[in-house]
Structure formats: C-alpha cells, structure tokens
Amino acid sequence: MVGGAIATITSLLCLAWTKEIVGGFLHLFGVDREAKGVYTAAICFAVLFIYVLDFSINVIQAGIRAFIVDCAPTHQQEDANAWASRITGVGNIIGYLSGYVNLPKIMPFFGDTQFKVLCVIASFAMASTLAVSCIAVQERDPRLEGEPEQREGGLLAIFKEMWVSFRRLPPQILKVCRVQFFAWIGWFPFLFYITTYVGEIYVESVIREHPGMTDGDLTDTWEHATRIGTFALLIFAITTFASSVFLPFIVAPTYRPPPPTAATPLTPTTPGSLSASGYFSYKPKSTVSKWQRWLALLAHLQIPALTLRRTWLLSHVYFAACMLLTFAVRSVTGATVLVGLIGLPWAITCWAPYALISAEISKRDAIRRGLLRAPPSRDGQLLARGEDDKADQAGVVLGIHNVAIAAPQVIATLVSSVIFRALQKPRGSVDDNSVAWVLRFGGVCALLAAWFTRSVGEERDEEK
C-alpha cells in the first residue's frame, strides 16, 4: 500500500507538471520548449503516467480494503466498509468544492494552475492519511501462524498464482465478482460521460436560442457547461455521502456479533458488567439512558427484510431506471436532479460488494482458526482443517475483484465508441442523443447485474 501511494503521488505531480518536466528535459539537448515535438512528447509522457496512476490507485484501494478484512471481525465488516464509503464521500465533496475555488489565488506557492494546486493538496492528503493508518492500525502478526511455504519467484509465477487463486475462489466471492463485472460496464459510461450529458443539454438550449454561433462562442458556452456538469457531480457527491450515512442504519446486518463473555471465569456476568467494569468506568445514569434511547431508535429504523444483498439488487434496478429516465429529461435542472438521485445506488455500490467480500473472507478465516463453527459441507471441512487457505488471501482476492471492476472499462469504452460513431452529430448541432444512448446502454447492463445478484448468498454464520 505504501508503494502504491508513492506511485500515485509521483504520477499526480508528474501529470501536473508534465509540460515543465518534458520541456525542461528536452531543453537540455537544445530543443525549443515550444517545438511541436515537445508537445507530442508531453502527450506521451502524460498518457504513460495516467496508466501508472490507474494501476497505483487500484493497489491502494486493494490495500485499504485488505486492512479492513484483516483488522475487523466478521460481524463488523459491513460497518467498517460503510465507514470507508462515508470517508470517501467526504473526500469527494471536498474535491468538487475545491473545483469552485480559485486555488492558485489562495495558494500560489503550490502552483499557477488549478490542476497543479489540486494535485499537491491531494498528494499531501494521501501521504498524511496513509501515515496515520499505518501507524495506528495494528495487524495480526502472520508469523504466529507458522512459517509461510516457499513460493516460486518471478512475474510469471505471480500471474500463475493469481490464475490458480481465481479458479479456487469461494463461490460467494466469485458470484460477487460476476455481478461487479456487469455492474461496472454500466457504471463506467456514467462516470465518464455524465458531465458531458449535462453540458450537452445546456449547450443545446443555448444553440436553440442563438443559432449560428461561432466557434469561439461555442467554446465559451462549453466552458460554462462544464462548470454546470461539475455542479451536478457535487450534488451527486452530497447525495452519495448522505446515503452512505443513512443506509447502514436501515439495512439488516448479515452477521450477528458474538455473545459477550464475562471478564473472568469466576465472575458471574451481570447486566452492569456488560457495560462497565470498575470504578473508573462508572457513567452517570442519565448518560447511559440517553445512549440507550439512541440505540433503541436506531434499532427501530432497521428493516429486517432489507438485507445487504437485496439492497444491492434494488440499487441496480434503481440505477437502470434512472438511466431510462434520460428519455424524459430535457432541462439542465432535470438532469442535475437525476444525477443527484444516482448518488443513492452509487453509495451502495461503494459499500455492498466490498462488505460482502470482506465478511466472507473474514468468516472463512475465523472458521479456519476455530473461532466459528464450520458449515456441514466439504468446503467447510477443508476450512476447519486449514487446507483451503490459498483461496482466501485478502490481497489476492481483492486484487481479483479489482480486475473484475477494471476489465469492464475496456468493454464499456468499445461499445461507447461504436454508439458515438453511429449517432454523434457535428459540433454545434442540436438533438445529439449519443451520450444519452451510451448511458442507456449502461442501464441495460445494470439490469443484467441485478439478475446475477439474485444468486449471491445471504447465509449467516453460527458462532461457537
């Protein structure tokens, strides 16, 4: 995870100062900074570090989720992943708000453009939060479980091990990855083109009012349209954060916490000993009753029939319905409201699959270590004997899950290119619905994801 953070920070700073880095390096060999070759080299340099950034961010994401798997017990995996999505929502809101502020004027020492200052701020934020996580979180020492077996070295061995791990994935995790594959074919068009969709609606309304606009007028109009699209994404981020805060309180937990035990075998358990122990843990009666009222209120909010799997399934249907509403939306206000409504299924997408995978890995690890009773199946007996541990390594499983998310990007890009090729009109034309049809294609894929979500299990563990 530290390596991924270093690569991410390096990529961000290189992208922010691409022109200066490439121009300065080639100038050492006598090349003019404004030459066409410098411009071409800068584009190649930027593309290279965009790919590096893409890979390094996936490394960090897998590491953060593996942190949760390793450090939280099975019954807290859903809550831990919910908090991860909430913090991510806060970061998204801060990022979109920063886009509205003239950062170079406020912090000129970080750079002379908005992008440079944003990259520096993001780099500082990543370095500081990662340092806090690495210092504060204590992982289980793997040496306590015996010496690890010897493995083959080299890049080929890594791919071989990943292929073996993929073939031996637990059924529940494999089903989640299959759902993610189709779900992200639907999500990528939205994430890529929703700003363009909102902007096109605005530009089309301006063109209808002022036909015969020049290229300069169109460029200025599109710049304003981009800000309108960014505002829609800000509403989207706020809705996502609000949903990530509220939804975990109404969704029934998949796993029950283990029953509390007494502090010592000779001390009988009493209602008071479950909440306090000793003089220094005494709390006033009014404080305890206030917390009890809050807990009772939260318990009433929970819907027993609304499990995490059903919530995830409904989110796919909800997203598909929103994509079909693009047939009816004709105004900037309607498009902004639509984008804001999609924050709800996005919050579930950032929570549910990770919680299901994390809980499954944690449960299987607890069975292997004898903390939970193994199910009466061949797979359960293998787990109890510790003979199926290679398929449950958090880093490997989450890496395969990231592949299931990233691979649809290629499919979504290819299909979107075909749709744009067939339907896109020249710049400045009206009734260009190509982006809307790309979003509707994503909605159809979301319905396929909903169908496959039906096969995801909802079994509860049985504590010893």
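Backbone N, Cα and C define each Cβ position, glycine as well.
According to TrEMBL:
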TRANSMEM  37-57  transmembrane segment
TRANSMEM  115-138  transmembrane segment
TRANSMEM  181-203  transmembrane segment
TRANSMEM  231-251  transmembrane segment
TRANSMEM  311-329  transmembrane segment
TRANSMEM  336-357  transmembrane segment
TRANSMEM  403-423  transmembrane segment
TRANSMEM  435-453  transmembrane segment
Could you check if the transmembrane segment (181-203) is in contact with the transmembrane segment (115-138), meaning 3+ Cβ pairs under 8 Å among residue pairs at least 6 apart in sequence?
no
For the transmembrane segment (403-423), distant same-chain residues with Cβ under 8 A (at least six beyond the ends):
54, 58, 177-178, 180-182, 184-186, 188-189, 192-193, 432-434, 437-438, 441-442
Under 8 Å between C-beta atoms and at least six residues away from its ends: which parts of the chain pack against the transmembrane segment (311-329)?
179, 183, 186-187, 190, 197, 201, 247, 251, 335, 338, 341-342, 344-345, 348-349, 352-353, 356, 436, 439-440, 442-444, 446-447, 449-450, 453-454, 456
Which bits of the chain, at least 6 residues beyond where the transmembrane segment (37-57) starts or stops, bring a Cβ under 8 A of a Cβ in it?
4-5, 7-8, 10-12, 14-15, 18-19, 21-23, 26, 31, 406
